[in-house]
Ligand SMILES: Nc1ncnc2c1ncn2[C@@H]1O[C@H](COP(=O)(O)OP(=O)(O)OP(=O)(O)O)[C@@H](O)[C@H]1O
Ligand SMILES: [Mg+2]
């Protein structure tokens, strides 16, 4: 272990050189650590994103196939027949371990009887003349009511409510125990206009003419952004009433009992969306039904995180490689300066590997000090870098998701949000509006979550990882620099 | 103990050989002086018997074994100590650490390593205070003496020295050579010194002159 002693004496005696090497190695390790910290933070954030940003899978009628059938059929009636999802099947699918919760939705329209619906400029007339006129005829009725009845199993599982864009302001939401009742949750604007409060009863008339009395159990407030985004093309969101899905079925007619327009499954792990879809497809008739996922919230959080992660990964490797090269060059120069010393050691019969081991031991001592310095500095570099990255990433993804949001929103049942699909009457453009609203909500949550979750604290594990990188860097650079030593002949060094 | 068998050496062409067919024998317990004009190849010869270089032909035998069979690194480590013309000390160490490091590398054991080294250094005029200073703060002559003590403190039986007294004054030269003599006689070492000083050569047991590519042994002119 004599080389250790030599290394110690050398590091102690050559203070200037030791200081220089410490600074260089600290700088290299600081950036490596910053990269590691950001990488770890992004990994943790991605884990958290799985839990906080749920993904949903919607089971609904296969519109694509239904349209195909409609276009190919020779019959003049041109009536679109959409299959209803059986609640029993839905419950069977929901019993899988992939599922955290699920929401059964049935939407239809009705007319206000004891009160007035909110009037908006062109709501109904634009609906009938809207694009995709063919789909206008609903499966249940030909005329359209002025109220949208959203039958759900629970409002808490509706994405508009869970994302925070709709809020219950008084009373309560619809719960699964409301199944079979005539309980209703209405919008604040509608309640104000008609002096309705929690506990009041209201009367509505189905499109086929049957009258129903509903009991108001809660009032919700639709956020202003959603009313502007949907208001232009769709009936005012204030005219949406949330009831138990069983009531919506009752409105549509007796043959709809035990069915649903669609069932939205909230996944416990968004990363397993595709696996679940495969599983669900094995249980349904895919000709009649389709399952589609909406993990845009998850994806919109995951994409920037993955970008940050891969960027941090590049930092780590680039700095490590560049650092190795820089350090190797410095050590090469250092070793040239120490040729005589090496020559004496070799002439004393010291083994070459022990000469190299001495250099390694010297660098190791320097590395320990550098690790401490980098540990202190890396936190600051890391947090500064990650702040920069997060602000960059969230702005870029906000723009990309809103554009993709438009395209997926236009696809059948892509919205997944009952507010986007106004019963069977939903025009494709209306759907796209719903899609848009969803993603703006998603990206705003993702940015706030990103910045709060990318905490770049230095822990033992990342320090250990840094130590590993440090060891590899000094090992490789000494090996590179030592190729020269291995060839040195003591006579050539000592006898000039 | 040390023997050269038909060795020859040349840098580029055989025709320009420094010498060929050199057959010399060095016995333990004796001091040898190698003299010759500058550029005649004394340092080169020393590097051959010290295992720093291989002869172009022939071989060097240590106790009858060819040194390349022993392994040059192993040979240098165990059987030979070298004092260089340009001392070549570890510049980042004290004189004492230089000696102790060499002893550690060569696994040389003496009763109380540190005391032994301090004692040896004081014998050639380097006191304890000086011994603990960084060697770069010693004079050229002092550094030369440290290099000599470093070689002497190792257990190797063969000590080769290239102009060890080049930087020393008359008194120090005398003391140093006396130390070499004492070492050879008391510890049975074989000391081979290259020198251009006739004074030094006279003090050694035997003188070998390198002249016109030939080595000739002159009997010691001893009183
Ligand atoms: N690396 C080399 N390549 C070619 N020739 C060399 C080399 N080293 C030394 N020589 C030549 O070999 C000869 C012997 O050199 P050496 O150093 O052994 O002489 P020396 O007797 O020790 O001289 P001095 O008394 O000046 O120290 C010289 O003529 C020198 O020019
Ligand atoms: Mg010479």
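Backbone N, Cα and C define each Cβ position, glycine as well.
Between the listed ranges A:61-119, A:120-178, A:179-237, TrEMBL ties the annotation region 'Disordered' to A:120-178.
Looking at A:355-376, A:377-398, A:399-420, the stretch flagged in TrEMBL as transmembrane segment turns out to be A:355-376. Among the ranges A:315-335, A:441-461, the one that TrEMBL lists as transmembrane segment is A:315-335.
The residues of the domain 'ABC3 transporter permease C-terminal' (A:315-398), classed with DSSP into helix (H, G, I), strand (E, B) and coil, number 79 helix, 0 strand, 5 coil.
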